[in-house]
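Copied from Swiss-Prot, the annotated features are:
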- ARG42: L-glutamate binding site (BINDING)
- ALA76, SER77, TRP102, THR152, ASP172, GLN195, ASN237, THR238: pyridoxal 5'-phosphate binding site (BINDING)
- LYS196: N6-(pyridoxal phosphate)lysine (MOD_RES)
Amino acid sequence: MERVYNFSAGPSILPLPVLEKVQKELVNYNGTGMSIMEMSHRSSYFQSIIDEAGSLLRELMNIPDEYEVLFLQGGASLQFSMIPLNLMNTYKKAGYVLTGSWSKKALQEAEKVGEVQVIASSENEKFTTIPKLDGLLGNEKLDYVHITTNNTIEGTKYVDIPHVDKVPLVADMSSNILSERYDVSKFGLIYAGAQKNLGPAGLTIAIIKRDLIGGADRYCPTMLNYETYSKNNSLYNTPPSFSIYVTKIVLEWLKEQGGVSAIEEQNKMKSSLLYNFLDESKLFTSPVDPTYRSLMNIPFTTPSEELNNEFLQKAKERGLVTLKGHRSVGGMRASIYNAMPAHGVQQLVNYMKEFELENR
């Protein structure tokens, strides 16, 4: 069977050259006579893999020396707890900006650790936009401020990163890390689950300023303390070694594409193909405020559930799969991460045009 175009929000499409290299090295990695999946994480071979992955990420994101790159487990969802356990250490209070389902879940976990202030929210607009933060961060005594740079479910993203004076800015970048350029120095902590733009599920990346490490309460569990990973080069216990290995190959592929600046231009072009059609369509609509449209996750719908279901079924027959929208939003959603080729997006648009002609 030929490969399909997979528009899944995560786990998501991986670059075909990456999969082919993994396939080639799967049984016998680098002449060792064993697979990465069988290899000791204490071996020199794996040490070089995790070191190279960290170096590549630093290079691609231009990460300053005062930041640590940590390879973690538990998904971004575990970070919802780790962050307050490690950073709510002075005022026992944090600020959260609500822009979607995931930021709301992050807030709910933080409330179990300390006091949470909702700085701004677009919930009244059904999370179809990004709220303004002007003047809301005056002299607040907060341990950190948390944002979600791209909202996977709702299809919105920050156009400008808010300036937070004297308070660490924490960002969930799970669905748009490495898809566009960010100034890492604006953040105290960046975290992301790997399974959208970095690699396979099982790995979480944290990029954290060194002066934010070491402040966890003494009752903080060892495995939830950033210091544990910092002191042990992310090798305190067995890491998700295969996921780290595949992520390294994805980062190599990304570098070959010209790095983040080149991939950002590709992503703008790909998303424009779909948005331009949606703006002209008489059948399909996008619920998102055009100012804050995501480059990665694009929700859209037709006037009826029946048409939505028909669209999804016929799309699947054409090899355009996993287009069903999240249950909280409905309709359809095309996730067009870094690895999605422009041809895949064009195939989707061509099909949407045909479907509209059939259902005028």
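Including glycine, each Cβ sits where the backbone N, Cα and C put it.
Predicted, not measured: the structure shown is a model, and the values here were computed from it.
Feature annotations (Swiss-Prot) mapped to structure.
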residue	record	Cβ contacts under 8 Å, 6 or more apart
ARG42	L-glutamate binding site	LEU235
ALA76	pyridoxal 5'-phosphate binding site	TRP102, ASP172, SER174, TYR191, ALA192, GLY193, THR204
SER77	pyridoxal 5'-phosphate binding site	LYS105, GLY193
THR152	pyridoxal 5'-phosphate binding site	ALA9, GLY10, GLY100, TRP102, SER174, SER175, LYS196, MET296, ASN297, SER335
GLN195	pyridoxal 5'-phosphate binding site	GLY10, PRO11, SER12, ALA201, GLY202, LEU203
ASN237	pyridoxal 5'-phosphate binding site	MET223
THR238	pyridoxal 5'-phosphate binding site	HIS41
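Across the residues annotated as binding pyridoxal 5'-phosphate (ALA76, SER77, TRP102, THR152, ASP172, GLN195, ASN237, THR238), the two Cα atoms farthest apart lie 31 Å from each other.
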